[in-house]
């Protein structure tokens, strides 16, 4: 049966258990941080607000993204050239890109939350009702599931020949297309369109939201009130940068920088999938006063 061979870091032996240890610690930190966030938001009634509802969606997307790669990443460093069947590889590819699109959509919803809170504070409760938050979460989930599904269906029907060695320890769309025999223009074009319809539009929407937020902040006369209002956006801005900087660093060379060193592409891919789920809980725990207080109470 058709299967693909996973690779760890180029230049390392096929089996490097010592390299799996720091990766395992990162995954453990990711699980602990995101699960703690979800538990605190669920159990503390003071956190049952639209902002924290979107934060719980972000933590859930981070968990899904990390758990999609956890088995194969640890296997690639703990075993000699592990293989993955075609069906499992396509499924993993689908979930990685699906949760990535969902996380991007959640960041847009959080940007809208900050826009309403700063530009229209008196209408915050009426605009961001529980029903609207629920519908927004459903739309983000539906968009991620539906936009990525054709990518998996197209590549599932393609023929693979020659080398079946992937460039990473998980399955990604562009990496699998590299091993296809025949014309891949339709699948490659739709993959690019899917990225534009999700991350491309999302990044422009977030940029527009913060343009209007900055415009509203400049109209505030008091510097103290202006700084206090902007401080509520720092956590979300950090999450946006944590998500989009590794994404741009990985996607651009992967599509256009074919002559990059394999180690560079591998490290960029790992950063794209590991950095946001690990850092987001830390950023929100440090920058959000309610969560920081709750954590300190738990530690004490």
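Note: Cβ is positioned from N, Cα and C throughout, glycine not excepted.
As annotated by TrEMBL, transmembrane segment applies to 20-41 (among others).
Restricting the average to the domain 'G-protein coupled receptors family 1 profile' (33-284) gives a pLDDT of 87. Per TrEMBL, domain 'G-protein coupled receptors family 1 profile' is recorded for 33-284.
According to TrEMBL, the transmembrane segment annotation covers 53-77 (among others). Proximity of distant same-chain residues to the transmembrane segment (53-77), defined by a Cβ-Cβ separation under 8 Å and at least 6 residues beyond the stretch ends, is recorded for 6-8, 15-17, 19-20, 23-24, 27, 30-31, 34-35, 37-38, 41-42, 84, 92, 95-96, 99-100, 102-103, 106-107, 109-110, 113, 133, 136-137, 140, 169-171, 239, 273-274, 276-277, 280-281, 284.
Using a Cβ-Cβ cut-off under 8 Å and counting only residues 6 or more beyond its ends in the same chain, the transmembrane segment (132-155) has close neighbours at 50, 53-54, 57, 90-91, 93-94, 97-99, 101-102, 105-106, 108-109, 112, 173, 176-177, 180, 186-187, 190-191, 194, 197-198. As annotated by TrEMBL, transmembrane segment applies to 132-155 (among others).
Residues annotated as transmembrane segment in TrEMBL: 229-247 (among others).
Under the heading transmembrane segment, TrEMBL lists 267-286 (among others).
The list of residues near the transmembrane segment (20-41) in space but at least 6 beyond its ends in sequence, with Cβ under 8 angstroms from a Cβ of it, reads 47-48, 52-53, 55-56, 59-60, 62-63, 66, 70, 73-74, 77-78, 274, 277-278, 280-282, 284-285, 291, 294-295.
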